[in-house]
Amino acid sequence: MAVHISAATGAAATYNGRITTFVVISCVMAGMGGVIFGYDIGISGGVTSMESFLEKFFPDVYAKMSGDSTVSNYCKFNSQLLTAFTSSLYVAGLFATFIASWVTRRFGRRRTMQAGGFAFMAGAALGGAAADIYMVIFGRVLLGIGVGLANQSVPLYLSEMAPPQYRGAFNNGFQFSIGIGALIANIINYGTANIKGGWGWRVSLALAAVPALLLTLGAFFLPETPNSLIQQGGDVHNAKQLLQKIRGTTEVDQELEDLVAASNASRIVRRPLRTIVRRNYRPQLVMAIAIPFFQQVTGINAIAFYQPVLFRTIGLGQNASLISAVVGGVVGISSTLISMIVVDRLGRRRLFLIGGIQMLISQVIIAGILATQLGDHGGVSRGYAYIVLLLICVYVAGFGWSWGPLGWLVPSEIFPLEIRSAGQSITVAVSFIFTFIIAQTFLAMLCHMKSGIFFFFAGWLVIMTMFIHMLLPETRNIPMEQMGKVWREHPFWKRIVVDEGEGSKMDG
C-alpha cells in the first residue's frame, strides 16, 4: 500500500494494489522504447570506430587515424561531419518533442509509442542501405523522431502503470532497457566489425529495426494507462476496470477518485506549456530543466558515444576498443538493475548523492592519468589503458544507479496530470538539446582541452551533487497525484509554492 494525504480531507489514506503479471508484461513491452534509444547510442559509437565505415563516409578521419603522425592523439577523430552523424539524431529528436507533448496528451501514451516505433524502423532501413553520407544522416533524422516520441511516452507510461510503492523500480526499467540496447549494440558491433568485405556496419545499423518492430507490434497489445484514458475523456467505469486489473484488487476507489480529480483539473488547462511557468509549478519546472541538463554534463553520453574512439585514442586496437565497450555495457546494466532493486528503499536523493561522488572521483583520476601518461603522440602503456577502462567502469556504475535511471524517473513522477505531458516534453527537449551540444562538441573539446575535458565534467558533477543535496525533496512512495505536498514541505520550495487559493489570486 502507498500512503498519502487526501487532497480533499487532509486525512491519511492508502492506495491498494500489488505487482501483477499484467503490469509487468505491459511495462516490459513499453521498455522496448528504451532499447531502441540504447541501441542507437551503442551503434553510433561502434560504427564510428570501424575502419570500413570511416573509409567510406569519413575518408579524412580515416586518413588521420591510419597513419598521419603529425596529428595529435586527441585530434584524430575531430571532424564536424563525424559529429553531425551522431548529433543529427538529437536535433530531430528535439523537434519531435515539440509535437510529442500534444500527441501524448491528445492520443495517449500507447499511440505515441507506436508512432515512434514506425519512425525508428524507417530510419534503421535507410541507414542499413545507405549509399552516401546524406542517406546516413537522413536515416538518423528518422531515428531521432522515433527516439523523441518514445522518450516522451515511455517514462510516463511506466510511472503511471506502476504501483506507487514500486514506481521507482518500474521507471528505472527504462534506463535498464537503454543499457540492454547499448549492450546488444556493442556485442553486434564487435561481431560485425570482423565481417570480410567491410559491410558489417550495414548490419549494425539495419538491426536497429528489430527492437523498433517489437515496440511497434507490442504497443498494439498494450493497454492505455488509466490516467490517460480519463484525461482523454474515456468512461470512468472502463478506467476503473482497467485499474482493478492493473492493481490486482477491486479496492481502487481512492486512487480512481484522485485520477478523476486530476483529470478534471487538467481539462481546465488549455495551454500546459504556459501554465507550467506559474509560481506553483516553479519547483517542477526547475527540475524539468536542471535534471536533464545535469544528466548530460556528467559526461556519460560523451563516453557512451565515443568510448571505442576514446580507447583507440589511448592506443587500443579496433577489436580491443569494441570489447571494452561491451564490458562497460555489462557494468551499466548491472548497476541499473541494482538501482531498480534499491531505489524504492533507499530513495532517490541518496542514490543521486552516492552516484555523483563516485563519478566525480573516477573522472578526476582518469583526467590525472591521461594528463601524465598520454601525450600528443604515441599511446599509454597497456597497464594504464586497463586502469582507465576500470575507472570508466566505476564511473559507468555510478551513473547506472544514479543519474542514469533517476534522470528519467524523477521528472516523470513529479508533475500533476494537467501539466504532465508538457513537463515531460520539456525534460526530453532539454535532454536532446544538451545531448546534441555534447555530441557535436565533444571531439573538438577533446582535441583542444585534451585530458582537461574530464576535469570539465568533474566540475559539473560537484555542482549537480550540491544541487540535489539542497533542492531535491525525496519522492519515493508518494502517489503521483499527491506529489504537490513534497514541495510545500521542503525548506526551500515552501517559500515559493503557495496554497491553491492564494496561488490563484497571485496568478490572476
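Placement of Cβ uses the backbone N, Cα and C atoms for every residue, glycine included.
Automated prediction, rather than curation, is the source of TrEMBL annotations.
Annotation source TrEMBL lists transmembrane segment at 21-39, 81-103, 115-135, 199-222, 285-309, 321-343, 350-371, 383-404, 425-446, 452-472. According to TrEMBL, the feature domain 'Major facilitator superfamily (MFS) profile' maps to 26-476.
Contacts between the transmembrane segment (81-103) and the transmembrane segment (350-371): absent, as fewer than 3 C-beta pairs lie under 8 angstroms at sequence separation of six or more. Among the recorded stretches 199-222, 350-371, 425-446, the one sharing the largest number of Cβ pairs closer than 8 Å with the transmembrane segment (21-39) is 199-222. Ranked by number of Cβ pairs under 8 Å to the transmembrane segment (350-371), the listed stretches 199-222, 321-343, 383-404 are led by 383-404.
Averaged over the domain 'Major facilitator superfamily (MFS) profile' (26-476), the predicted model has a pLDDT of 83.
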